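Here the structure comes first, spelled out in structure tokens, and everything after it is commentary.
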Amino acid sequence: MTRILTACKVVKTLKSGFGFANVTTKRQWDFSRPGIRLLSVKAKTAHIVLEDGTKMKGYSFGHPSSVAGEVVFNTGLGGYPEALTDPAYKGQILTMANPIIGNGGAPDTTARDELGLNKYMESDGIKVAGLLVLNYSNDYNHWLATKSLGQWLQEEKVPAIYGVDTRMLTKIIRDKGTMLGKIEFEGQSVDFVDPNKQNLIAEVSTKDVKVFGKGNPTKVVAVDCGIKNNVIRLLVKRGAEVHLVPWNHDFTQMEYDGLLIAGGPGNPALAQPLIQNVKKILESDRKEPLFGISTGNIITGLAAGAKSYKMSMANRGQNQPVLNITNRQAFITAQNHGYALDNTLPAGWKPLFVNVNDQTNEGIMHESKPFFAVQFHPEVSPGPTDTEYLFDSFFSLIKKGKGTTITSVLPKPALVASRVEVSKVLILGSGGLSIGQAGEFDYSGSQAVKAMKEENVKTVLMNPNIASVQTNEVGLKQADAVYFLPITPQFVTEVIKAERPDGLILGMGGQTALNCGVELFKRGVLKEYGVKVLGTSVESIMATEDRQLFSDKLNEINEKIAPSFAVESMEDALKAADTIGYPVMIRSAYALGGLGSGICPNKETLIDLGTKAFAMTNQILVERSVTGWKEIEYEVVRDADDNCVTVCNMENVDAMGVHTGDSVVVAPAQTLSNAEFQMLRRTSVNVVRHLGIVGECNIQFALHPTSMEYCIIEVNARLSRSSALASKATGYPLAFIAAKIALGIPLPEIKNVVSGKTSACFEPSLDYMVTKIPRWDLDRFHGTSSRIGSSMKSVGEVMAIGRTFEESFQKALRMCHPSVDGFTPRLPMNKEWPANLDLKKELSEPSSTRIYAIAKALENNMSLDEIVRLTSIDKWFLYKMRDILNMDKTLKGLNSDSVTEETLRKAKEIGFSDKQISKCLGLTEAQTRELRLKKNIHPWVKQIDTLAAEYPSVTNYLYVTYNGQEHDIKFDEHGIMVLGCGPYHIGSSVEFDWCAVSSIRTLRQLGKKTVVVNCNPETVSTDFDECDKLYFEELSLERILDIYHQEACNGCIISVGGQIPNNLAVPLYKNGVKIMGTSPLQIDRAEDRSIFSAVLDELKVAQAPWKAVNTLNEALEFANSVGYPCLLRPSYVLSGSAMNVVFSEDEMKRFLEEATRVSQEHPVVLTKFVEGAREVEMDAVGKEGRVISHAISEHVEDAGVHSGDATLMLPTQTISQGAIEKVKDATRKIAKAFAISGPFNVQFLVKGNDVLVIECNLRASRSFPFVSKTLGVDFIDVATKVMIGESIDEKRLPTLEQPIIPSDYVAIKAPMFSWPRLRDADPILRCEMASTGEVACFGEGIHTAFLKAMLSTGFKIPQKGILIGIQQSFRPRFLGVAEQLHNEGFKLFATEATSDWLNANNVPATPVAWPSQEGQNPSLSSIRKLIRDGSIDLVINLPNNNTKFVHDNYVIRRTAVDSGIALLTNFQVTKLFAEAVQKSRTVDSKSLFHYRQYSAGKAA
């Protein structure tokens, strides 16, 4: 029977796709569906028919004529105009693996260069017989484009169809070998034709002799076997007078300085006249150099006496790695051949190059004569230019004269690597998460440890981030020793002394590790202790970090950077700006995430930003602003053998002026021509080589949108956020490979772990596209603008994978915010646009909501040209965004009866969710899902394999798409699903990734198959070797159900990923998903604060007076009855979103409005706020209502500070035993009442012996990693075993009856804040969480542990003066603290009233003026001046709600933060700090394992 596959169709870009039931490997089905009208003229249907009977339907965008030929595929990521005009494709129907073709339109096909050759093409026209693509972009945009790709194909009468699952087609060709095929239109039947039986070389060769570069000194005869124009250009450029002769021309009697044979298509063995002519040359006495390219390699080999064969799988693409056998140098090459030489080379000849992947011949050379040939294309176009140097070698042979061999003129390798002999390596982590330095370093550090262990190298890890996976002390993938200590030169030196490592890795710990390593180098510590920095040298790091050195280095190789000056004073900065001209950009040296950077349109802005920058660094760069240019990034890997690959290139949708961490980013780049792509790639490689990078680095470019002008912005000589994104986008494990390279292992010897077969020395091909969208939480920070710029503000990000931009873009928007349906003019969290919205300003000034403003502008019919003018976003992206809104409008005009299958399918293919569609059609989400499934529309599961299906893959790295026709995998494992945490944001950070990874690892240790779903590229849980199947997908009801049912999972764990998966518990349960652990109905009861409080009353468990309120009047009545302050809490939220302590009626009105918006479906609970109480955390694991593991930790701060911002102590330090017993008893009752089986957390207020419950979360909490590591019991391991019904030995667990309480050490967990990045935010703690990360350290007592933890957050112990500003009510308690600080030798400053009070109580203090009163009293110094000149290096600012000087206190806090000065705003923390400084004069470098060893020794 005939096998027919209906093609995918995709919106305006002419696409449409159809999902089908599970397919069998035999592909025995027959589907046929009508196309839909998308353009003004309905696209004609056509079929691609293969000789094995496979028939796939598509839609025409070329010439509507049938054609037959050989079907081949190309995995290149760009350069389709060059590829289509490559004569080597003569007679072939080309399948493009790149999922979107036509973005850049077609260039001027009549334009000629100075040689008379077609300027933008590789021959005189399109040479492919036909073209097959998945998605065709009819809307195009490029400054060189003159028409669409479809118009060009029609002009040249070449058929082309879109809507074919090209990945599926590639797999058929890969598995069965290249095969004959035909594109057939109805009524135009054609027979199969085998072009390999034709002498295609004769068809494409010139018919006459032609001369190019007439008068040039070197005469080169070029035999045209289908030569590409670029070969001629490169020869003339080097001084050749090129005589282009037909393939059968007798050149044996011609005089020449060099002979070149290049091409071409078909079977070279059919070109017998040419082979005989070459044979005459080889056997004659002629010694002029001969250079063969592609077909020329086989022609030369056949002439020499070797044999050729047709390859089962041709090499066609732009990422083929070849190895020079003579010197082990590897190169990435462009290839296009289906025949190869075998290993029958005669005497006198030997191989020159070999393919690293399939070991086929890639070049030959004569051992004594100047004859050589290569199978790949050194002239490229399209493709990488790595081997263009072979043309130089050819000319060197010509100049050297006769009798020279190619090896004598090939460039020698710059480096020859040797294995770095190290036995123990110290890896520096990045510390707690902060804006600009987040969870990506947990991922990279974990990969580095894994790589070292594979090579039998011992590892010592130093990282105080206790929530990270890498700091686990037990496990096959963990370091041999873990130090929870500050990443500072002092502590690293102590660890080096104690551990005596012989190697040090700096590139896996972000800017923190890099800066620390540079300082250790400068101090001579590394030299003193014989520690080698592995990978990139410190000198190279300094050259990338020091702005002047960086500029000098690039000038050495004449590379393009923006005109700039590195300055070390504000005066010089102003002079530099005057020289360059405004606007200018400033950047700080040794800074992270654009900290200390900004665009300065004028002198005033420069003074403001420059002053703040100099507070953080001693050097800034003032450079020309390239705002509005495109921002392009490359991730480059270089080994110690000087082999270089560019693993991924990425394009920022937002133009220059927005930090890449705050930009929407796509991979691969979508709007670059081949010339632009390769220009920037070549520059990347040159720069990385010149800087001496060994390992991985990121290079960022600004590219002019309408010319080839570019400049280098910066190089990061380390793993970065972009590196993590590139790793997850491509499947190429950059950190793992970089760690191997650091040991001196060359790239060709490292395996590609995804394919399991090929080498890591390659550049991934993507047959999908990725969109990254940042996650901001700017609303949490009072006073912070939503504007974004060159200094990063986002706290996390998501990555979505699709096969159209629209699909991945809409998925990413939903991943970022569960409240967002897709690309829509509605703001996240259902917020309203302001009534006085200035839409043009919203577009021209980038902000965290600009993407929604673009949707609003499109909805308002603003022209694309106007949006381009205001945003500088490439028009191609805006076309796609417009297509989404057009579909939205179409759907809104339909209902469930009138919506056709084609329209519904098209909506799904461009990323519409069921929920999104339901709102348009007036249905529920469940009804839309039912409608979709009824129409047999469902998604397909595809693999990320790094190779665009070119090689069979063992990968378990998956995504879901509606743009396909088959699944890539089988679904026969029925694993347990684990839901990850989604994007990092305030309140959900790396601790939930730790929980997910712990659960996954436990399941695998128990022999259970795992299916993980997450969408965060910074996580370890999205490392594909952590689980059995990884779905990089949305954490939405729709997508989880899709995957759960497709995989037929045995259950789903939702309690280890934080609030996002927890919120899905009830909806999943109602849709038949088996939720492991505590019943979702119980979770719902606990999450609804009013129900939970009612249950506590029934249990007679004490809590503060409370009331669930639905109206403002109810809230005001309750507050008046119990008295202010009150605590206002919405339900189903994480990290205290919209939670506030309310002190007045006005605040109640304001906060209640916000709370109802955050949690609209649930009532808000008001509780009487208990002042002066201490908060206690109970982290526990329940088993069928019994508590089998628990840990009790105490907050340093009194209640009122969110638990995520609190400083935790374990064991408790001030809580009475009586209160602890009450905490345990309440926990016991709650566990039983809610029948808890799994992890949970209860928060209590303790005041004396009174214990009140605050709230309970029936899921893992952010303190689980902290308590697990401190007590040495993995609570998530225990919880996972409970949830799946595994038996547990409870004797070793910290039960309520037999707690584990450390007696020889104290653990302190401290929060990390990112205030310097959040310009204008008030750095003070409230009920709503503000911290971005956490650290933990250990000490024999609370004081040493506390100081280590504070130092780990970047806190600097003051050396000079302390500014004290306290509200009057704090005075009685604060006097003792002030005395302690004075006795420790600190000079105290205070505002007038506080100063008078301190002096009156015999504590000397210098009075200073409030900021608002500066200059009024000449005898009072300016606080801001004292802070900025370093006289004050700690600010203690303790206001409360009754403070009069609200704004002054804010200015003081903000000045401290902006000046890089330590700031304390909580009395209890200040008190503990004063005690710690007094009692711990020195801080040791002991960590957890030291204390554990001591405890074990005592017990023994």
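Glycine too: its Cβ is placed from the backbone N, Cα and C atoms.
Every protein chain shown contributes to the tally, and the Cβ of THR1391 (N-acetyl-L-glutamate binding site) ends up with 24 other Cβ atoms within 10 Å. According to Swiss-Prot, the N-acetyl-L-glutamate binding site annotation covers THR1391, THR1394, TRP1410, ASN1437, ASN1440, ASN1449, on the basis of similarity to another entry.
The domain 'Glutamine amidotransferase type-1' annotation in Swiss-Prot covers 219-404.
Summarising the annotation, Swiss-Prot assigns domain 'ATP-grasp 1' to 551-743.
The domain 'ATP-grasp 2' annotation in Swiss-Prot covers 1093-1284.
Under the heading domain 'MGS-like', Swiss-Prot lists 1355-1500, citing sequence analysis as support. Here the domain 'MGS-like' (1355-1500) has, by DSSP, the following mix of helix, strand and coil residues: 72 helix, 27 strand, 47 coil.
Swiss-Prot lists SER537 (among others) with the feature O-linked glycosylation site, giving similarity to another entry as the kind of evidence. Non-local contacts of SER537 (O-linked glycosylation site) by the CB criterion (under 8 A, 6+ apart in sequence, same chain) comprise GLY692, VAL694. In this structure, SER537 (O-linked glycosylation site) belongs to neither helix nor strand by DSSP; it is coil.
For SER1331 (among others), the entry in Swiss-Prot reads O-linked glycosylation site, with the evidence type similarity to another entry. Counting only same-chain residues six or more apart in sequence, the Cβ atoms lying under 8 angstroms from the Cβ of SER1331 (O-linked glycosylation site) belong to ILE986, GLY1204, ASP1205, PRO1311, MET1312, PHE1313. In the three-state DSSP scheme, SER1331 (O-linked glycosylation site) is classed as coil.
As annotated by Swiss-Prot, O-linked glycosylation site applies to THR1332 (among others). Counting every protein chain shown, the Cβ of THR1332 (O-linked glycosylation site) has 28 other Cβ atoms within 10 Å.
All protein chains considered, the CB of LYS207 (N6-acetyllysine) has 8 other CB atoms within 10 Å. DSSP gives LYS207 (N6-acetyllysine) a coil state; it is part of no helix or strand. According to Swiss-Prot, the feature N6-acetyllysine maps to LYS207 (among others), an assignment based on a large-scale study or a structure entry.
Positions annotated as N6-glutaryllysine by Swiss-Prot: LYS210 (among others). Within 10 Å of the C-beta atom of LYS210 (N6-glutaryllysine) sit 16 other C-beta atoms, taking all shown protein chains into account.
Its Cβ placed at the centre, LYS219 (N6-acetyllysine) has 18 other Cβ atoms within 10 Å. DSSP gives LYS219 (N6-acetyllysine) a strand state. The N6-acetyllysine annotation in Swiss-Prot covers LYS219 (among others).
The N6-glutaryllysine annotation in Swiss-Prot covers LYS228 (among others). Long-range Cβ neighbours of LYS228 (N6-glutaryllysine) (same chain, at least 6 residues apart, Cβ-Cβ under 8 Å): ASP86, PRO87, GLU122, SER123, ALA262, HIS377, GLU379, SER381.
Residues or ranges marked as N6-succinyllysine by Swiss-Prot on the basis of experimental evidence: LYS287 (among others). DSSP assigns LYS287 (N6-succinyllysine) to coil in the three-state reduction, placing it in neither a helix nor a strand.
Taken from Swiss-Prot, the feature N6-glutaryllysine covers LYS402 (among others), and the record attributes it to similarity to another entry.
Residues or ranges marked as N6-glutaryllysine by Swiss-Prot on the basis of similarity to another entry: LYS527 (among others). Neighbours of LYS527 (N6-glutaryllysine), defined as other CB atoms within 10 A of its CB across all chains, total 10.
The N6-acetyllysine annotation in Swiss-Prot covers LYS757 (among others), and the record cites a large-scale study or a structure entry as its basis. Remark: LYS757 (N6-acetyllysine) has ASN357, LYS751, TYR951, PRO952 as non-local neighbours, by Cβ distance under 8 Å and separation of at least 6 in sequence.
Put simply, of the modified residues LYS793, LYS840, LYS1269, the one whose Cα is nearest the Cα of LYS287 (N6-succinyllysine) is LYS793. Put simply, ASN1449 (N-acetyl-L-glutamate binding site) is 47 Å from LYS919 (N6-acetyllysine) when counted between their Cα atoms. A gap of 31 Å separates the Cα atoms of THR1391 (N-acetyl-L-glutamate binding site) and THR1332 (O-linked glycosylation site). For LYS527 (N6-glutaryllysine), the nearest neighbour among the binding-site residues TRP1410, ASN1437, ASN1449, judged by Cα separation, is ASN1437.
DSSP assigns LYS793 (N6-succinyllysine) to coil in the three-state reduction, outside any helix or strand. Between TRP1410 (N-acetyl-L-glutamate binding site) and LYS793 (N6-succinyllysine), the C-alpha separation comes to 30 Å.
In this entry, THR1391, THR1394, TRP1410, ASN1437, ASN1440, ASN1449 make up the residues listed for N-acetyl-L-glutamate, with the farthest two CA atoms of the set 17 Å from each other. Fewest Cβ neighbours within 10 Å among the binding-site residues THR1394, ASN1437, ASN1440, ASN1449: this applies to ASN1440. Just so you know, of the modified residues LYS793, LYS1269, the Cβ with the fewest other Cβ atoms around it within 10 Å is the one at LYS1269. Comparing the modified residues LYS287, LYS840, LYS919 by how many other C-beta atoms lie within 10 angstroms of each C-beta, the top residue is LYS919. Of all the recorded positions in the list LYS207, LYS210, LYS840, LYS1269, THR1332, the shortest Cα-Cα distance to THR1394 (N-acetyl-L-glutamate binding site) is found for THR1332. The secondary structure of LYS840 (N6-succinyllysine), as reduced to three states from DSSP, is helical. Closest to ASN1449 (N-acetyl-L-glutamate binding site) in space, going by CA atoms and restricting to the modified residues LYS793, LYS840, LYS1269, is LYS793.
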